[in-house]
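Chemist: Mind having a look at this structure? Questions to follow.
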Amino acid sequence: RRRLIRDLGAASGLLLRPRPATATATAMALLCRLASRGRSRTKLIAALGCLASRQKHTLPDLPYDYGALEPHINAEIMQLHHSKHHATYVNNLNVAEEKYKEALAKGDVTAQVSLQPALKFNGGGHINHTIFWTNLSANGGGEPQGELMEAIKRDFGSFGKFKEKLTAVSVGVQGSGWGWLGFSQDQGRLQVTACYNQDPLQGTTGLIPLLGIDVWEHAYYLQYKNVRPDYLKAVWNVINWENVSARYTACKK
Amino acid sequence: MALLCRLASRGRSRTKLIAALGCLASRQKHTLPDLPYDYGALEPHINAEIMQLHHSKHHATYVNNLNVAEEKYKEALAKGDVTAQVSLQPALKFNGGGHINHTIFWTNLSANGGGEPQGELMEAIKRDFGSFGKFKEKLTAVSVGVQGSGWGWLGFSQDQGRLQVTACYNQDPLQGTTGLIPLLGIDVWEHAYYLQYKNVRPDYLKAVWNVINWENVSARYTACKK
């Protein structure tokens, strides 16, 4: 019994706070082992259900060092952007979801509606930045190949015209927002568009996000000050076309 | 204009000058107002680098782009081209709002600022918010809470005869958007504080209260509540 309580404690400790996927796997494995022992099975199934409903969003690791994208995006920006801005969206998303679960459980529509802005803002911020980190790479730049390149030529005329369009749309965002290359499953074609604030592309427009360019001032100001066009020129040097291509291949099925 | 008036009073070139005056009057452009203090005057609360970029780059760009947008709008208006006019509206609102907002903002700040207002404005704040502290808390919370780019505002509702605190997004100008008369604006676009306060907007808000020019805010209140 003591061992059971100890193992349950360890498992819940792992599960009850924001955690990386590995900790979840460890905790679940622990619980599975415990659940296979006949005696405490019902208690554990209850515990598992309870713990599973508390799974929170977590800040994904950056796939590279903060300084990896220099000189195009400097280390100070990457560190603040990832460890402060994105982290805050994750934390606030978890808080908003917690409150939303309560409102939902009570059937309180007014409360649910009043929570929508926080959900969209922080949820969108988490979605957008999670995509963004994978869209960038120290070995990035140049041009895509294969299917994605063919689609770009077909839908924009040339890679140059696509690049011009996404740049113009991104520079032209009045306020905070993102420029996006997305895929329309309805029309079977690529599209370039902008979203304001942290409005997520798919939830807002239905387009599947392939490549996002963050044009909130925090994404570039420390290095480029008010000259957003210079940031746009630089960011093309770190676009991870492998990732963008993989996203395209996955969504056009 | 004085020169032209003197010239116009001389009979001979009168028609030419009236034409010239009319032409010049239609070309009057918006200009970047001078800052009433040096770029470093608000240190350590808002640093010189921010003030210089904010005034000479950001505000200047709104002024230039407003003039361009107004020029195009005049042409569209002259042609009765409604489609073109509508398509110019975002540029007008964004750059025009940016010019209005920042023009007010520079006067709302002062190196000798901070503390609390006195007289009529203080009485109104106590009446409409309960206390200066509650008003300060409210404007701070509204400003910190802007999701994206925008402004926190203390405004006056002529309809209701009372002060109100609210936020506007992007460069939407307070009066054109809400009808409230702008008294005090707090710019919470990241360019207003990022170089100094990074992502910690609340620290910028704490600091900015030290440079609020209550004389200016009071004067604006007195002028609009008539």
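Here the Cβ of each residue, glycine as well, is placed from N, Cα and C on the backbone.
All TrEMBL annotations are machine predictions without curation.
Annotations per TrEMBL:
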BINDING   B:His54, B:His102, B:Asp187, B:His191  Mn(2+) binding site
DOMAIN    B:29-110  domain 'Manganese/iron superoxide dismutase N-terminal'
DOMAIN    B:117-220  domain 'Manganese/iron superoxide dismutase C-terminal'
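Could you place the listed features in the three-dimensional structure?
Modeler: Cβ neighbours within 10 Å of B:His191 (Mn(2+) binding site), excluding its own Cβ and spanning all shown chains: 18.
In this model, the domain 'Manganese/iron superoxide dismutase C-terminal' (B:117-220) carries an average pLDDT of 98.
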Chemist: My understanding is the cutoff is Cβ-Cβ under 8 Å with a sequence separation of 6 or more in the same chain; which residues meet that for B:His54 (Mn(2+) binding site)?
Modeler: B:His102, B:Asp187, B:His191, B:Ala192
Chemist: Once B:His54, B:His102, B:Asp187, B:His191 are set aside, which residues in the chain still have Cβ within 8 Å of the Cβ centroid of the Mn(2+) site?
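Modeler: Output for this site, in sequence order: B:His55, B:His58, B:His59, B:Phe105, B:Trp189, B:Ala192.
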Chemist: Count up the helix, strand and coil residues in the domain 'Manganese/iron superoxide dismutase C-terminal' (B:117-220) according to DSSP, in that order.
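Modeler: Result for the domain 'Manganese/iron superoxide dismutase C-terminal' (B:117-220), in helix, strand, coil order: 54 helix, 24 strand, 26 coil.
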